[in-house]
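> Quick one: structure below, then a few questions.
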Amino acid sequence: MSIEDSGLAYNDIEQTPSLQIEHEFVQNSERVKSVDLHPSEPWILVGLYSGTICIWNYETKTEEKSFKVSESPVRSAKFITRENWVVTATDDKFIRVYNYEKMEKVVEFEAHKDYIRSLAVHPSLPYVVSASDDHVLKVWDWRKGWACVETFEGHTHYVMQVALNPKDTSTFASASLDGTLKIWDLNSSTPNFTLEGHLKGVNCVDYFTINEKQYLLSGSDDYTAKVWDYDTKNCVKTLEGHGNNVTAVCVHPELPIIITASEDSTVKIWDAITYRLKTTLNYGLERVWSIGYKKGSYQLAFGCDRGFIMVKINCSSLNLQDAKQD
């Protein structure tokens, strides 16, 4: 479906008094469970519920590459750009890796005992961290033939997402349907600490830093997102307003805004300093499952039940309030 068919135009801009968002590209497809943006190419990696991954060029609005990964849903797909790879996780419990230049499979192996929900690629070490419905997280070292070099146990329900700490890449966070967030060290199988406060399961987690202070952001089946002070381990703000489960959260790497996505079919954008709601977006693509972003860009991607959309934030319309996000 073209963007015109969807009722959007390339130069459409949604405006609030402090925020302008330009629609760049929308594409209808099967359900999109995962989106990831390449750090240098104009590519969006899309993981589909049908078991396929696609790489779309969002400048030319064309599909450049496609791989049939599995008959099971792809719940997470990430670029490993220093190797020209894509790594995928599926409901058949396998991790599969593809070389996107040669268009060939590099490796596949059974990684967990249940669905794999999330993958995180370490920024410098040859590691991929996986999170699964088997309640376990694992670290895989591709320089050692994709050997599992550490297993992390402690959650009592599905582990929905894993996020690496950008300020200390030896640590990472996990979100689980047991209602908790746990912080781990790559070299220890027991958690450093646990955060509790959501009333239902936690689906997603992200790190962010404002004015040199670090926080965690989480989203839950209790319809809220929470901001946690990383040092004091206290919840400093609960973001309320979604009408269904919060499925994905992030803080923009360049701008002081929090983005939350939900099964209520909306995306909400909040001020990361005042926590005030700036705008609510609904692109008519039904439930929103994933958010993609990259450093050095004001673009965002959202994966939904009926496709994906790329948008661009007009940063000149934002009041940055002298805040610095690392």
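The backbone N, Cα and C atoms fix where each Cβ goes, glycine too.
The repeat 'WD' annotation in TrEMBL covers 25-66, 109-141, 152-194, 195-238, 239-280.
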> Can you give me the average pLDDT across the repeat 'WD' (152-194), rounded to a whole number?
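Averaged over the repeat 'WD' (152-194), the predicted model reaches a pLDDT of 97.
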> Below 8 angstroms Cβ to Cβ, which residues of this chain, lying six or more residues outside the repeat 'WD' (25-66), approach it?
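Distant contacts of the repeat 'WD' (25-66): 1, 3, 6, 8, 10, 72-79, 81, 86, 88, 90, 98, 100, 103, 283, 285, 289-297, 299, 301-310.
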